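Asks: Annotation comment: TrEMBL describes 71, 73, 98, 119, 147, 162 as S-adenosyl-L-methionine binding site. Per TrEMBL, the feature domain 'Ribosomal RNA adenine methylase transferase N-terminal' maps to 78-250.
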């Protein structure tokens, strides 16, 4: 009804613009913006209906929460491709994170011995159990209701996940550096936001190479498998997705993982600056000095990409390191700073940006720092 009235007002405004008072113009603009928002919602609904037609069944018995990243993959061809690319064996136990209503789960059950599904939404769990029971496959499905980041994973061979984009980084951290690593799984096939996936598979020298990619590549190999359109989901997300495969490495370098993670965090605080500039920041040097002089503490095993260091920012201030930390011994702090600069110059890395170094370069530099008593965890 209001759309018909809006069209009449627009037609009248086009024919007789001088006759509309200022207040009417403001009201008209407001209604026009509201109409655009409504049309955007209509586009999402049309996308959802178009995706649902010919896709997996979705009875809409409850409302999906976009804010929690609930987007069901409904394209049968994409679902079949994911199950195929998972390379399952009949003896495999599959860990599925975020099964939703079971569109992918039923395919995994056809190729694996057992599926353990972790789902946080009780409504999804009920729908999943009802569907699998109707197919007579419930004896091979175990459902854990809870947060995947806080749930202790059982032993598994393959991980398959269509996960909310917001937990992609901590989930990968848990798989590769947490309880998932102890399971000795064969591979993880993850559906991720496309831009995130591109950063994950970035290599040294790429403009997108980052701490996340460096940390993952230390312990695993990563490959892009396929792109997935946002139109293949209900409701439609705002961005496209990509499927990646992560395979733990058997030849992980011998390095203290806590030291490695602390070191890459330090190096990538400002990845577009040179290492020489990064290690001149006063607060960073002071913190490294205190870490190196105190007892080492267990570090949090995270592979998140970090924001820029919140110390002196871009400042390359050459003032005394103890200006902001008067409790430090002046002579020792100065020697510590000179030691760092000397190590960087000895390998010619003071002018290198972190995004241009390989993991072998980082490992060599970390070894030199540790040999001189400079610690990062």
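Keep in mind that glycine also has a Cβ here, set from the backbone N, Cα and C atoms.
Keep in mind that what you see is a predicted model, and the values were worked out from it rather than measured.
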Asks: I'd like the Cβ neighbour count for residue 119 (S-adenosyl-L-methionine binding site), meaning other Cβ atoms within 10 Å of its Cβ, all protein chains included.
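Replies: Neighbour count, Cβ to Cβ under the 10 Å cut-off: 26.
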Asks: Mind telling me which of the binding-site residues 71, 73, 147 has the densest Cβ neighbourhood, counting other Cβ atoms within 10 Å?
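Replies: Answer by Cβ density within 10 Å: 71.
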Asks: Looking only at 71, 73, 98, 119, 147, 162, the residues listed as binding S-adenosyl-L-methionine, what is the longest Cα to Cα distance in Å?
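Replies: Between the outermost Cα atoms of 71, 73, 98, 119, 147, 162, the distance is 20 Å.
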Asks: So what's the average pLDDT for the domain 'Ribosomal RNA adenine methylase transferase N-terminal' (78-250)?
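Replies: Across the domain 'Ribosomal RNA adenine methylase transferase N-terminal' (78-250), the average pLDDT comes out at 94.
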Asks: Excluding near sequence neighbours, so keeping only residues 6 or more apart in the same chain, what lies with its CB under 8 A of residue 98 (S-adenosyl-L-methionine binding site)?
Replies: 118, 119, 148, 161, 162, 163, 164
